[in-house]
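Now, the feature entries from TrEMBL:
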type: TRANSMEM; residues: 20-38; note: transmembrane segment
type: TRANSMEM; residues: 322-347; note: transmembrane segment
type: TRANSMEM; residues: 367-386; note: transmembrane segment
type: TRANSMEM; residues: 406-431; note: transmembrane segment
type: DOMAIN; residues: 469-515; note: domain 'LysM'
């Protein structure tokens, strides 16, 4: 094959098994389309008979339980066509229609009323045909409306003495309901496809519909006994009189003609349930007449007609193949294949009903319903085959005339229909399974991989203390004694807190200090003095240009009362005991300690409205918040600022600051900043300047607090050794907790993170050596946890993650350990992709995830997945990459156990226990030439 062709076909290799699976459906589809094209090509030469021909016409209509208004309208339309007589055979119980016809007869001398006590349409028709005086009888349903010219057009073919019957073109009159519109489409398909084909290729038609058909009376009279007394399998046949008459005439060698220019209309049933009942009755009539015609042999005198009947008999079974294929592909997670079928349904049906859409273009809106009902009608025809001898005029007969329903009577037919469907389904499922086992090489033993736990977090799975501590000074303590507690040099503590220590010998009880266990040289300012005898005093000024209260004074400790005393009520006011309202920005400068404690303040409101918002920041200072609620506040609405689109109050710590939060609530804060600004406006933020990694030592401790309705719950950028413990972060616009660029050594433990508008926790861009442990993470809109962009050597341990779109995502990040988590009830369990190399997934329970338990794709190589329990997922392990180790896992009760697809190669499946998976134990449909390796272990299904 030329290389150019090979290059074009190469991308299709990974879909080769899917293409083979489509093969039977393709053969059936080719047959169905060939038949349809044949019908269209043959039928294109069809033309309605032209020319004037006159014979007398009697309209014969049986009437029972008809809508009086519709009947009256029908009578008027027949009369407008000038028949020689109109004969109505009305059931004696239908008093309203009797009255309608009597009133009509007063104005029409050619009308004749026959009232009958004998039930059934066939005897009524026979009675009317016998009473008719004309050469041609038009058998008409009592709800059928004629166009002008129906009689004239229908008589034209009778110029040929061999013609004994003429059918009309029919549509629904002003369809409004879904049932009427679907029925109208089906009528158009019949009269655009079936009737023109048979009219050109045969002298016989399948049915001259009972809504309106014209017959030579002299041909009908000898057939009336066969019409009225037809039996099938020893049981008298009640319905299907139009098809019976059509075939009786065809069997006797007369010609049947379709006249497309003779247009009649029917109201059509309004409800889908009634339409289904109607279609069930018609299907039974069709099966009985078609089988009788084929087995009696006369149909084969007309080859095109016989071909049509045989094709129609096969059609309901073939039409169900497509939805069965679609279902199998969905169950086996072959979404690309299912999408192809879905698109084909729309495209093919659109082509086939395009003549109808030219007439009624708005019906394209019901195309999905039409497709569904097309498949439902196929199943209905199979059920009709198994209930051939069920009789009754079920759409109009009074309940007293219906046979009594026996509960168990339809059971055998339902079982037979179900078994037929299951046979088709199971045959295709087995065929699919036989295809998708390529590319697996069985081995007795695989080489033992290195499955030692990687060095992650801050010391492995037993690590419990982060590399930075926040220490509260006790009475009579010194820096030396504190350094002894942590077994680090005193100099390290001095360097970490140098901005707050103008005199290292004078520390105060209750002061909070950074204790850098692993970061002794970060954020050092060598020009600070630490032995000052004249200590700085606090200085509080107002920058009127920026409307900012600026607090300076290295090493000083201040409160809101101190600030209010210096600035007055224009900037900070105590509205009530322990309720403070900040009306200007507040900046805590270098080395200043601001203490917000519940003893002084329980609620700090930050002014925030459509005209203005204020913030609380520290640059190289310390803010301690303990037992305080901090929120935005719109005084004009007496409510929190709910609109973050125009900016909103926020809290931020920058540079080498420390922001500690305990037992507090921070809510309704933050907004998305303009692109040109530093991103510290998200709500509650810790942030170093961009590109300043290792220049600052930013940290803090956050415990037992709530963060909710912020833009981000909490945002960390470049911080070290922070602790988030025992907090609840919920209902934030975007993320719950977002440690970003170069944040490391964080301990995130025992938090509840839920109902956030994006990820619950995201570690993004070089966030390394962090520990996420024992958290409850649920019902977040995207991922519960995401490790993003070179965030490696992190430990994700002991978390319960459920109800999210995705439980855990690892994106372009390697050397992480995911250990001992419960990941359950998410749409997707664990997803690893984009050059995420060397991650370890072990000891986890991954269960009840809708689509997949673990998905490895797009460069997620070298992943070690071992000793996990995968159960009740869609696909337990979905692998599209290479060089992964999948070993010693228990994989049970999923739809598919392990699914190897596309570029999956050189993966080792080692000693897994795989059982009770409903569809496949191992499914392999990899690209040509790709090999994966399997030890047999315990594979039950």
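Every residue gets a Cβ built from N, Cα and C, even glycine.
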Distal contacts, the transmembrane segment (20-38) - CB-CB under 8 A, six or more residues away: 193, 197, 311, 315, 318, 321-322, 325, 337, 348, 352, 428, 431-432, 435-436
Non-local residues, at least 6 beyond the ends, that sit with Cβ under 8 Å of the transmembrane segment (406-431): 21, 24, 317, 320-321, 324-325, 327-328, 379, 382-383, 386-387, 390, 919
Residues of the parent chain within Cβ reach of the transmembrane segment (367-386), under 8 Å, 6 or more residues beyond its termini: 178, 182, 185, 272, 276, 279-280, 283-284, 286-287, 315-317, 319-320, 322-323, 345-346, 349-350, 353, 412-414, 416-417, 420-421
Average pLDDT across the domain 'LysM' (469-515), rounded to a whole number: 93
For the domain 'LysM' (469-515), residues assigned helix / strand / coil by DSSP: 18 helix, 9 strand, 20 coil
